[in-house]
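Participant: Dropping a structure here in structure tokens format, bear with me for questions.
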Amino acid sequence: MESFEKLETLLGYSFKNKELLIEALSHPSLRQYHEYKYDKDYERLEFLGDAVLNLLITEILFKNFENYKEGNLAKIRSYLVCKETICIVGTKLALKDYIIMTHGEEVAGGRDNPNNIENVTEALIAAIYLDSNIEITHNIIEKLWAEFMKVQNLTDYDPKTALQEWAQASSNHLPIYRLIKREGAAHSSIFTVLVKVKDYEQICTGYSIKEAEKKAARCLLHRLKND
């Protein structure tokens with residue numbers, strides 16, 4: 001496990017209460033072993049962090065996208081707080097190197113498990129909120145999510161809807177999605193999905209069916225528009 005200084009540098013925030021940081025990084029697998037120093041895990045913080053993230057992302061969108069209607073704002077928010085986006089943020093922070101977990105969880109692939117990375121990212125947001133205030137947390141989220149705020153159109157944040165609308169307008173055919181295969185352990189499976197519109201097909205993979213479908217829709221839409 002890495003020291004916390006590098007993580008705090010990436011965050012742009014230094015914790016006053018390091019125990020909050022430790023709790024946010026502690027995997028629930030630690031509960032079963034008395035010899036571990038930490039008797040708390042990230043689950044409660046994750047619960048709070050999910051709510052804080054949703055609130056602040058909503059506020060940021062409300063202020064920055066003044067001309068967007070509620071429906072479009074809701075779609076953008078769904079994209080910004082979805083598992084895939086949160087995992088990307090957590091991966092850029094290299095959170096897998098900081099998660100405190102049992103050897104058994106690590107051997108089972110726990111450090112690369114998208115669920116763990118998502119959970120720790122949300123727990124970390126809650127820890128920052130409790131250690132500081134809503135304004136500081138707002139600024140950190142705005143910085144970490146900055147590149148995702150550059151959405152240009154529906155394709156960026158809702159490729160499945162964009163593909164469906166394009167397909168209906170161009171060919172009167174709805175996209176058809178099919179799960180081709182699932183590989184890997186139950187907690188870290190990789191899904192391969194095919195999407196088809198008329199005679200065009202696209203295959204993509206993801207850590208969830210939803211992620212794979214979004215990737216496939218985005219790639220196929222790009223092909224169709226440039227064909």
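Easy rule for this one: first residue shown is 1, then count along the chain.
Each Cβ is built from the backbone N, Cα and C atoms, and glycine gets one as well.
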Participant: Need a hand: Swiss-Prot gives N119, E122 for Mg(2+), which of E46, E59, E66, E183 is also on that list?
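Facilitator: Mg(2+) site check in Swiss-Prot: besides N119, E122, the record includes E46 out of E46, E59, E66, E183.
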Participant: Between the Cα atoms of N119 (Mg(2+) binding site) and D50 (active site), find the distance and write it as a whole number of Å.
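Facilitator: So the alpha carbons of N119 (Mg(2+) binding site) and D50 (active site) sit roughly 9 Å from each other.
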Participant: List every residue in the same chain as D50 (active site), at least 6 positions away in sequence, whose Cβ is under 8 Å from its Cβ.
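Facilitator: Set apart from D50 (active site) by at least 6 residues yet with Cβ under 8 Å, we have E122.
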Participant: Within 10 Å of its Cβ, which one of these recorded positions (E46, E122) has the largest number of other Cβ atoms?
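Facilitator: The residue with the most neighbouring Cβ atoms within 10 Å is E122.
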